[in-house]
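Student: If you scroll down you'll find the structure; I have some questions about it.
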Amino acid sequence: MGAGGRMTASERAAQEKSEWAAAGVRADSNQVKKSPTAPPPFTLGQIKKAIPPHCFNRSVLRSFSYVVHDLILSSAFLYFALKWIPTLPDPFHYAAWPLYWVAQGCVLTGVWVIAHECGHHAFSDYSLLDDVVGLVLHSALLVPYFSWKYSHRRHHSNTGSLERDEVFVPKKKIVLPWYSKYMSNNPVGRLLTLVVQLTLGWPLYLAFNVSGRPYPRFACHYDPKSPIYSDRERVQIFISDVGVVTAAYALYRLSTLFGFWWMVRVYGVPLLIVNGWLVLITYLQHTHPALPHYDSSEWDWLRGAFATVDRDYGILNKVFHNITDTHVAHHLFSTMPHYHAMEATKAIKPILGEYYQFDGTPVFDAMFREVKECVYVEQEDGSEGGKTRGVFWYNNKF
């Protein structure tokens, strides 16, 4: 797994830049051109043929090896926090906790990604095994596994659609709240937007469908009768709720034994970091000035799948099991296991050409840039045959 082997980050960047150039893709993040919006001159089948067949093979042993690897790391960090941090003298004692929080949060984000892979049936050839592993791992992180699995599946089925996509659906200017102009036009407002999004965005999405597509009535990931789900999915939504409640009760019991603040230090803060990472990763995958969105008159699945961008998180690409820098391939073939995604991405770049988007802008620079530039979407100027196209691009002008 992972890209670049033992290469340094700069060596890997140089190698990838040459590969993008060979594929006709502009690697300079400041020069990324808008993605083409015309139907591509290739089919999904032609893309698949370019990928080595073994990339679609799922191995139970290999998949479990990543689970074991991440849980061993997580356990080691927990042991360090419980046994070694209390023995450190001041001020090192206080400085060590943030190091634990960041390290534990990043590793548990990797665990979250593996559970996400279970939801795509990319963990193994056995659906039941995938669901059991995914339910256990996601429940431990207070995620309703089946609830999110089904809404996320619909996101993959409708990516880039203004009417039917499930998450980070951009708004048109006319429906923005009155305060958007003031929040997006100054650094303090943008910082506040990011803080709220990264800390509260995930629970607000699960509980109240914030940033999700509109539904005719209240939509909630914890409600088996939510309009998000079909009748045949409702029992599994209840199972997801049982998983989350069981995990929450276990955490409560631990809190009664060791104390509330012990639980906050050991589990609560790392979980906040996990939630922040998954919101940021998803946001940056689908929010970029080069990415189009479509209304129902123009949208189709393949062009929607290209309305996403790969990013470079440095060493965290490996920690996050490459969900960050292989997301385009993931949207095309979501049942492909993560440990083959780098090879598949390299194989499809020459075919996709300008339909493949990569932005190597440092993550935190990109975060502030996107929240500044991608405030709303507006319809593309111009027309074809007297009919305005249903293509929308990000804008920030008021």
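Note that the numbers count up from 1, one per residue, in the order the chain is shown.
Using N, Cα and C of the backbone, Cβ positions are placed for all residues, glycine too.
Grabbed the feature section from TrEMBL, which reads as follows:
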REGION    1-38  region 'Disordered'
DOMAIN    18-73  domain 'Fatty acid desaturase N-terminal'
TRANSMEM  64-82  transmembrane segment
TRANSMEM  94-115  transmembrane segment
DOMAIN    96-357  domain 'Fatty acid desaturase'
TRANSMEM  127-148  transmembrane segment
TRANSMEM  188-208  transmembrane segment
TRANSMEM  235-252  transmembrane segment
TRANSMEM  264-284  transmembrane segment
Student: If we skip the immediate neighbours and take only residues 6+ beyond the ends of the transmembrane segment (94-115), which ones have a Cβ under 8 Å from one of its Cβ atoms?
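Tutor: Sequence-remote neighbours of the transmembrane segment (94-115) are 63, 66-67, 70-71, 73-74, 77-78, 80-81, 84-85, 88, 123, 133-134, 137-138, 140-141, 143, 145, 265, 269-274, 276-278, 316, 319-321, 323, 338.
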Student: Which of 188-208, 235-252, 264-284 shares the most C-beta pairs under 8 angstroms with the transmembrane segment (64-82)?
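Tutor: The listed stretch sharing the most Cβ pairs with the transmembrane segment (64-82) is 264-284.
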Student: To what whole number does the mean pLDDT across the domain 'Fatty acid desaturase' (96-357) round?
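Tutor: Mean pLDDT across the domain 'Fatty acid desaturase' (96-357) comes out at 97.
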